[in-house]
Amino acid sequence: MKKNFYTISKTMSRSLKLILFSVFIGFSIFLIPQPTWAYPFWAQQKFENPREATGKIVCANCHVASMPTRAEVPQAVAADSVFKTVVEIPYKKDLQEIGADGSKVPLQVGAVVMLPDGFKLAPQERWTDEIKEETQGVYFTQYSEEQENIILVGPLPGDQNREIVFPVLSPDPRKDSNYNFGKYSIHVGGNRGRGQVYPTGEKSNNNLFTATNSGTITSIETNEDGSQIINLNNEEGESFTENLPAGTSLLIKEGDTIEKGAKLTEDPNVGGFGQLDKEIVLQSKARVIGMIIFFIGVGLSQIMLVLKKKQVEKVQAAEGI
């Protein structure tokens, strides 16, 4: 009996510790923001598929500013082969942005590559020395346990990772009938810098703020955390407040009269998100060999026809025709 009681107590103690640890981790995620959780944590939590029916990648919901992203993908690849998908995220050198605490910080970058079904991140034992060198310091994750064809990277220091190499393994339709040879689409997204909107819909301090009310600014208060409160009075004597996060640069001052919609701050954003689509052909070796044989056959046939024609011309010339 004592033994059973001890076993039950020990089990309950372990369960309680596990629950407390889980709660601690959960609160840590929300109360202690970390750069590595900034992307793509929210997209993974909110969206089963990162690409909407319209074709828009959901990262653009928070990173509303647009900037170009480029990608290099082979035109065709063989089955069960490793190839590189290179995502380029260009921006000006030494560019800095406003961090969540209002301080200036270097830009970070991130990328997502949505591969066709069957394509996935190549296992490390199949990486070449060149790929190992090009991916040093880069950590790859898949969007979910079930979607190994969607690969994510970031956030990473932008000054060192303006070009991100994704090592990809193609499927082999000869071994798995679920996949076929043919042409497929690859969807690529690349981002530099923080988002302008939080997943909750609220603006981040990396955004332009406008007045929600008209009136005269009576005072501007600055809190300990750097956030600011703009106090206004309108012509009817009503009082309003505008709350601004830390790090914003004001365009207004005490005593100014502003209209609803007027700019209160400068637009601090220097980053942006971009996406594009690429095509790739999963090539069958048998088809390639068959095509080569076909072209050789056609070429030989043409040569034989030319030789035959010359032979006929010689015979006709000899007979005086």
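Start at 1 and count along the chain as shown; that gives each residue its number.
Glycine residues also receive a Cβ, built from the backbone N, Cα and C atoms like all the rest.
Swiss-Prot has this to say about the protein:
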BINDING   Tyr39, Cys59, Cys62, His63  heme binding site
SIGNAL    1-38  signal peptide
TRANSMEM  288-308  transmembrane segment
Entry from the binding-site residues list Cys59, Cys62 having the most other CB atoms no farther than 10 A: Cys59
Set of same-chain residues at least 6 away whose C-beta sits under 8 angstroms from His63 (heme binding site): Asn191, Gly193, Gly195, Gln196, Gly271, Gly272, Phe273
Assigned element (helix, strand, coil) containing Cys62 (heme binding site), judged by DSSP: coil
